[in-house]
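Residues or ranges marked as heme b binding site by Swiss-Prot: His64, His93. Per Swiss-Prot, domain 'Globin' is recorded for 3-148.
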Amino acid sequence: MVXWTDXERHVIADVWGKINPDEIGPHALARLLIVYPWTQRYFSSFGNLSNAAAILGNPKVAAHGKVVVGGLDKAVKHLDNVKGTYAKLSELHSEKLHVDPSNFTLLADCLTITLAAKFGPSVFTPEVHEVWQKFLNVAVAALGKQYH
C-alpha cells in the first residue's frame, strides 16, 4: 500500500478538480498515438490514424481519451486501494487486449505533458508535478499488476 501525506492527497484532489476529461483525455491519447505511433496497433478499429490531423480529429480517439481519464477518477477516489480498484481493468488489458504494460507509462507521460501545457508553470509547479507523477506511477503499477 502506498502512503499518501495529507498534502499529497490535497494536491491530487486539487489537480483532479481542475481537469476537464472531455478536453484533457482526447489530447493526451492523441499525443500518445502521434508521438508513439506503434501504440496505434491497439486501436485498429478507430479508423484513420494516418497522421496527426487525422488522429486529432478522430471521434473514437476523443471518446476513448475521455474514458481513459475518467478511469483515473476511480484511482483518485480510492487512493488507498488503487491496485484493488484497477484489478479487473488490469486483467482486461493483460488477458484480453494484450496491451504492453510499458504503454501505460507512455500514456501517463503524455497526460502529464498535456496537463503541464494546459495549466502552465504557475499551477503545475515542480512540487505539483512530483505528486502527480507519484499518483500516475501508482496507477500505472496497478494497471500492470495482472501481467505475468
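A Cβ is built for glycine as well, from the same backbone N, Cα and C atoms used for every other residue.
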How does the domain 'Globin' (3-148) divide up by DSSP, counting helix, then strand, then coil residues? 115 helix, 0 strand, 31 coil
Measure from the Cβ of His64 (heme b binding site) and count the other Cβ atoms within 10 Å, all protein chains considered. 18
Mind looking up the mean pLDDT for the domain 'Globin' (3-148) in the predicted model? 89
